[in-house]
Amino acid sequence: MMNNIHLNKILILDFGSQYTQLIARRVREIGVYCELSHYDINSDFIKKFNPKGVILSGGPDTVTFDNSARAPSIIFDLNIPILGICYGMQTMAIQLGGHATSADKHEYGFAKVRSCNYSPLLNGINDGGDDLLDVWMSHGIEVKRLPDGFKLIASTDSCNIAGFADINKHYYGLQFHPEVTHTKQGKHILERFVSDICQCKKNWTTDNIITKLVKDLKNQIGSANVLLGLSGGVDSSVVAILLQQAVGKQLTCVFVDNGLLRLNEGNKIMQTFAQNMSVKVIRVNAQEKFYNALSNEDKPEAKRKIIGHAFIEVFEEEARKLNNIQFLAQGTIYPDVIESAGTKSNKTKVIKSHHNVGGLPNSLQLTLVEPIKELFKDEVRKIGVILGLPTHMLNCHPFPGPGLSIRILGQVKQEYVDILRQADTIFIDELYKNNLYNTVNQAFAVFLPIKSVGVTGDARRYDYVISLRAVETIDFMTARWARLPYDFLDLVSNRIMNEIPRISRVVYDISSKPPATIEWE
């Protein structure tokens with residue numbers, strides 16, 4: 001009998017830290033399901049979610065201000081373990097009667113923490129003995145007075161209260177960040193909290209997830225037929241195989257060539273599915289429809305929503321040609337939901353609408369099926385490995401549903417698409433040739449509709465600009481710009497400017513996420 005993968009779960013309340021998604025990844029790596037929600041989530045949701053424990057993330061607020069963020073008071077009435085990290089520790093202290101103030105010495109970066117006084121959270125965990133831990137600190141506020149019933153469990157030379165605990169209530173606070181890799185024993189500490197203190201069983205495994213997803217798809221779809229919007233990427237391809245296992249011939253895949261794909265991508269996708277997967281795939285050439293819909297539109301959010309609406313119109317047109325199509329399946333993943341919905345908060349601003357989340361029309365005639373919307377990208381890839389997806393497909397960099405439309409700043413024109421395709425092809429080809437493709441997690445070119453002065457021979461030129469973007473990331477929620485070799489960038493830049501007549505300048509994007517997003521629009 002399959003274990004219930006959602007029976008034991010952790011709720012992570014997000015106070016805005018750049019590391020919050022890492023907490024979720026670490027908890028899931030332990031084998032326990034968790035969800036992210038904004039700190040102001042309503043009490044009814046928390047009760048219904050019924051977590052085995054709560055983690056309060058760090059955040060940028062100054063906890064001593066009267067209007068700073070606070071944890072929902074209900075979590076202290078649920079009789080479940082709570083772990084506060086950095087800001088989460090500080091607000092827990094204040095809300096339970098303690099006191100925090102500006103630190104005498106701010107701590108940013110590596111620090112050594114000494115654990116003291118027995119606690120189930122830190123007991124026996126150290127780096128080389130003497131109860132010392134190498135950790136990552138990032139704070140200018142510190143707890144100065146413990147709430148009643150709490151005791152000190154960790155300190156540094158600069159921060160006397162670097163950890164506290166109310167062992168009877170299973171409340172814990174850490175001023176350092178156990179979720180980041182710089183804290184060497186961080187995963188061990190989180191596992192101690194999740195597995196031992198919260199007593200969560202490790203049911204969140206790839207095999208269990210696959211079994212649950214296939215079962216749920218069978219129950220949801222029944223004897224009806226389902227249409228899948230197939231992009232050729234990992235996400236929709238994994239959904240295709242899951243649906244094939246669940247409902248077999250009831251599945252029809254529709255690959256929409258919207259004229260915004262990379263060079264020869266449509267043919268490559270059709271060939272891959274014909275050779276590796278026995279699913280029915282219909283190719284729809286809809287370039288004219290998408291270009292007309294995008295005509296004169298220059299706003300990123302509007303472009304995403306236009307793309308989403310156009311896709312749905314195509315899918316509904318195809319559904320009418322087939323029999324008994326009641327469901328539309330998509331490869332929506334958890335980061336799409338988080339960025340589009342603001343982790344279920346009424347206050348959080350949407351970063352960007354994903355075409356398959358925020359871009360869907362309210363008048364959708366088909367019932368939506370999103371089997372992997374709870375999964376991070378690396379979890380989807382693990383499922384793909386077990387399901388037998390081709391290696392080249394699993395290792396292929398993500399490509400956004402709106403395609404090149406959001407890699408062209410402003411209006412989308414055929415001329416811009418053609419230029420961008422050439423530049424992107426050169427960049428990716430050289431990454432492969434120089435054995436660099438698999439050292440980065442996503443790489444692409446961006447077309448900038450601005451012109452820059454250049455020189456060709458003795459002549460002045462005034463043409464467009466291309467930006468190259470490459471990042472390293474685990475879950476695509478945070479990302480570090482890739483330090484590609486200068487000689488390589490020089491090679492790519494020269495090829496682009498020499499081989500594409502309308503490009504006079506190439507730049508390299510050195511923005512990390514946050515504060516930037518991976519895609520430019």
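Including glycine, each Cβ sits where the backbone N, Cα and C put it.
Some features that Swiss-Prot has for this protein:
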- 9-203: domain 'Glutamine amidotransferase type-1' (DOMAIN)
- Cys86: active site, nucleophile (ACT_SITE)
- His177: active site (ACT_SITE)
- Glu179: active site (ACT_SITE)
- 204-396: domain 'GMPS ATP-PPase' (DOMAIN)
- Ser231, Gly232, Gly233, Val234, Asp235, Ser236, Ser237: ATP binding site (BINDING)
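All features noted in Swiss-Prot, drawn onto the structure.
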{"residue": "Cys86", "record": "active site, nucleophile", "DSSP (3 states)": "coil"}
{"residue": "His177", "record": "active site", "DSSP (3 states)": "coil"}
{"residue": "Ser231", "record": "ATP binding site", "DSSP (3 states)": "coil"}
{"residue": "Ser236", "record": "ATP binding site", "DSSP (3 states)": "helix"}
Exercise. How does the model score the domain 'GMPS ATP-PPase' (204-396) in terms of mean pLDDT?
Worked result: 87
Seminar exercise, completed: Cβ contacts within 10 Å for Ser236 (ATP binding site), all chains included, total 21
For this session: Would you mind ranking the recorded positions Cys86, Val234 by how many other Cβ atoms sit within 10 Å of each Cβ and giving me the lowest?
Result: Val234
For this session: Using C-alpha positions only, work out which of the active-site residues Cys86, His177, Glu179 is nearest to Val234 (ATP binding site).
Result: Glu179
Exercise. When you put His177 (active site) at the centre and draw a 10 Å sphere around its Cα, which of the recorded positions Cys86, Gly232, Gly233, Asp235, Ser236 have their Cα inside it?
Worked result: Cys86
Exercise. Judged by the number of other CB atoms within 10 angstroms, which among Glu179, Asp235 is the least packed of the recorded positions?
Worked result: Asp235
Exercise. If you skip the near sequence neighbours and keep only those at least six away, which residues in the chain come within under 8 angstroms of Ser237 (ATP binding site), Cβ to Cβ?
Worked result: Leu230, Met277, Gly331, Gly384, Leu389, Met393
For this session: Enumerate the residues of the same chain, Ser231, Gly232, Gly233, Val234, Asp235, Ser236, Ser237 excluded, that satisfy the criterion Cβ within 8 A of the mean position of the Cβ atoms of the recorded ATP site; list them in sequence order.
Result: Leu230, Val238, Val239, Gly331, Met393
Exercise. Within 10 angstroms of the C-beta of Ser231 (ATP binding site), what count of other C-beta atoms is obtained when all protein chains are considered?
Worked result: 23
For this session: Express the distance between the Cα positions of Glu179 (active site) and Cys86 (active site, nucleophile) as a whole number of Å.
Result: 11
For this session: Looking only at C-alpha atoms, tell me how far Ser236 (ATP binding site) is from Cys86 (active site, nucleophile), rounded to the nearest Å.
Result: 37
For this session: Would you mind reading off the Cα separation of Gly232 (ATP binding site) from the residue listed as 'active site, nucleophile', to the nearest angstrom?
Result: 41
Seminar exercise, completed: In chain order, residues whose C-beta lies under 8 angstroms from the C-beta of Gly233 (ATP binding site), counting only those at least six residues away in the same chain, are Gly331, Cys396, Pro398, Phe399
Seminar exercise, completed: Students should find that the Cβ of His177 (active site) has, within 10 Å, a number of other Cβ atoms equal to 23
